[in-house]
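Reviewing the structure listed below.
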Amino acid sequence: MQRTLVLLKPDCVQRRLIGDVLSRFEAKGLHIVAMKLLQVTPELSKQHYAEHVEKPFYPSLEEFITSAPVVAIALEGLEVIRVVRDMLGATNGLQAAPGTLRGDYSSSRQMNLVHASDSEESAQRELDLYFNADEFCDYSLVLTPFMRADDE
């Protein structure tokens, strides 16, 4: 099984969309294996967005991501990185297709509700930033046999 990091950004938290977003992931059959509410510090922001720190838009990104709590979630599932990114839609909410999270709930490029890892490497790096090894819960869902075939 593959794991990915999902961050419900300050706009998602402030707009009280946490439950709606989590419901969509759960309805898709994705498995929550860790979750916490936290305030991103400027230091954590710089670590998370290290590739953007020198870019002109970074100061506003840091200001936004540190402005209110976020919900960090570790999701597990088959091809979960691709599946989650498909569910999110285009980065810019104005360009995201209806039916995607951003298409349904966002109309902004920066305030686009959710961050998700874009590769296995970034997923591992980001999961390590937000969670300690002992914070992951490995458990079986009784519904798993009804979500996909054994050979998938």
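Residue positions begin at 1 at the first shown residue.
Heads up, the Cβ atoms here are built off N, Cα and C, so glycines get one too.
Swiss-Prot annotations:
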{"type": "BINDING", "residues": "Lys9, Phe57, Arg85, Thr91, Arg102, Asn112", "note": "ATP binding site"}
{"type": "ACT_SITE", "residues": "His115", "note": "active site, pros-phosphohistidine intermediate"}
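Counting only the Cα atoms, the space from Phe57 (ATP binding site) to His115 (active site, pros-phosphohistidine intermediate) is about 16 angstrom. Across the residues annotated as binding ATP (Lys9, Phe57, Arg85, Thr91, Arg102, Asn112), the widest Cα-Cα separation comes to 22 Å.
Lys9 (ATP binding site) sits 7 Å from His115 (active site, pros-phosphohistidine intermediate), taking the CA atoms of both as reference points. Secondary structure at Arg85 (ATP binding site), as computed by DSSP, is helix. Just so you know, the Cβ of Lys9 (ATP binding site) picks up 23 other Cβ atoms within 10 Å once every protein chain is counted.
The 10 Å shell around the Cβ of Asn112 (ATP binding site) contains 23 further Cβ atoms across the protein chains shown. Neighbour density around each Cβ, counted as other Cβ atoms within 10 Å, peaks among the recorded positions Arg85, Arg102, His115 at Arg102. Here the CA atom of Arg85 (ATP binding site) lies 9 Å from the CA atom of the residue listed as 'active site, pros-phosphohistidine intermediate'. Of all the binding-site residues listed here (Phe57, Thr91), it is Phe57 whose C-beta has the fewest other C-beta atoms within 10 angstroms.
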